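Worksheet: one structure, shown below.
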Amino acid sequence: MSDIALTVSVLALVAVVGLWIGNIKVRGVGFGIGGVLFGGIIVGHFVDQAGVTLSGDMLHFIQEFGLILFVYTIGIQVGPGFFASLRVSGLRLNLFAILIVIMGGLVTAILHKIFAIPLPVVLGIFSGAVTNTPALGAGQQILRDLGTPVDLVDQMGMSYAMAYPFGICGILLTMWLMRLIFRVNVEAEAQKHESSLANGHSLIQTMNIRVENPNLNNMAIQDVPILNSDKIICSRLKRDDTLMVPSPGTIIQAGDLLHLVGQSTDLHNAQLVIGKEVDTSLSTRGTDLRVERVVVTNEKVLGKRIRDLHFKERYDVVISRLNRAGVELVASSDASLQFGDILNLVGRPASIDAVANVVGNAQQKLQQVQMLPVFIGIGLGVLLGSIPLFVPGFPVALKLGLAGGPLIMALILGRIGSIGKLYWFMPPSANLALRELGIVLFLAVVGLKSGGDFVDTLTQGEGLSWIGYGIFITAIPLITVGLLARIFAKMNYLTLCGMLAGSMTDPPALAFANNLHATSGAAALSYATVYPLVMFLRIITPQLLAVIFWGMG
């Protein structure tokens, strides 16, 4: 059997064994995709015992390409929500998550100095303790750039594997501990979360208002400042028994009912100016109007602003809402359309059909993958990661590397959405498939390289010490921030659990948090809020630690 065939066969065996291990669950919690690492260690141990030699160059390529695929698809997935998560609505959650990342780095630095832990080993322990595989890849990349011998770099994978199991368990124990300390009633916490959503300022809501301000009588909608802003959309107007779609030039009269869409604060301000909130229904049922959701798939409208498409003037149709990457937004006139945007349209059936044809609304396109943008993005990411940054006092130029470069480029491209006919939208199923393939390849190689010496290190070497260091790196930041968030910020318990899981980019922990309450989406919402920024920081942190430790000697 050729070297290539043998290497591929062994990797396939690792994937099978590892994924099987990952599917084993105890009380609903398992290693998930992380099981591939342990599959690699098991197979690697027996491969080493049998004296089988695999192609080193091929393994190195597969490891790096798998890492590139993984971080790139993560960037494309979270890109649309990354910058939004930095805004005020998620600022508090992100600050606590950032604190967890910083504390983890500080604990790692203290352990490194006190116990003189070798740099590759301590970076591996850090990556395993926070259950973040891209951090492992980023750390190995920067160590190679700093000229660290290959055999020492491979130790990072072994120490990662030592710290990983408690990284998984530690987050779950922290959630349990918070529940025990504060005597949390999960059902009550879920109800509080739902109440806060109802009063939240970040959610898009609707309000029906009767025009009672005499100063607004016989004024055009465009002449009323609160209605002519990008913060509120007036999608329906009811006069007597007639329901219509208003235009900027529509004259409003006293007694008219307006259906407004916007954020809670803006709707309240509009109500103070216009009149009184009413419970009267402005449903399109039984009228010649209808409400329909259509998806943007036509390349010709990508990047165009809503105001430039003149849907109201041409078709008498109003866009009341815009859903982008699962986030409901006010469809302001300045908003630019991106591939995959979902538009909430109000108008007559024939007019809505006409607008649907303009924006595309081709559901099958959402399942197609444009491969050209994928490789353009990967290529640009690798180039970005290869740009040297010369810092005085360091022996080599610093780089973002094959983990940081593709991630940052994917975040940018995911946020941009499209350039001309090229769009970086990727169907969730395709994104997941490429992401899983990438991480399986990466972890399989890391496990194979670590497997030969793993058992000896655990039983006769410093393996138990490494596990102990990992416990400190996992537990101290999580417990400290958990207590701070609950005591001083009065954070909802379910929201706290989601934030803790997101700060560790840990899907098994999210699954555990979601199972705390069957119907509440609090944990998933906070997880998604902090995940993009934390993933970026987790990849950058080991590189910063490596550079700082290297500079300190």
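Cβ coordinates are placed from backbone N, Cα and C, and glycine is handled just like the others.
Lifted from Swiss-Prot, the feature list:
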- 192-276: domain 'RCK C-terminal 1' (DOMAIN)
- 279-361: domain 'RCK C-terminal 2' (DOMAIN)
- 4-24: transmembrane segment (TRANSMEM)
- 28-48: transmembrane segment (TRANSMEM)
- 65-85: transmembrane segment (TRANSMEM)
- 95-115: transmembrane segment (TRANSMEM)
- 158-178: transmembrane segment (TRANSMEM)
- 371-391: transmembrane segment (TRANSMEM)
- 393-413: transmembrane segment (TRANSMEM)
- 437-457: transmembrane segment (TRANSMEM)
- 464-484: transmembrane segment (TRANSMEM)
- 493-513: transmembrane segment (TRANSMEM)
- 533-553: transmembrane segment (TRANSMEM)
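Count of Cβ pairs under 8 Å against the transmembrane segment (4-24): among 95-115, 158-178, 437-457, 464-484, 533-553, the largest is for 437-457.
Contact counts against the transmembrane segment (437-457), taken as Cβ pairs under 8 Å, peak for 158-178 among the stretches 158-178, 464-484, 493-513, 533-553. Take the transmembrane segment (28-48) and the stretches 158-178, 371-391, 464-484, 493-513, 533-553: counting Cβ pairs under 8 Å, 158-178 has the most. Sequence-distant residue pairs (6 or more apart) of the transmembrane segment (158-178) and the transmembrane segment (533-553) include fewer than 3 whose Cβ atoms are under 8 Å, leaving the two stretches without contact. The average pLDDT the prediction assigns to the domain 'RCK C-terminal 1' (192-276) is 86.
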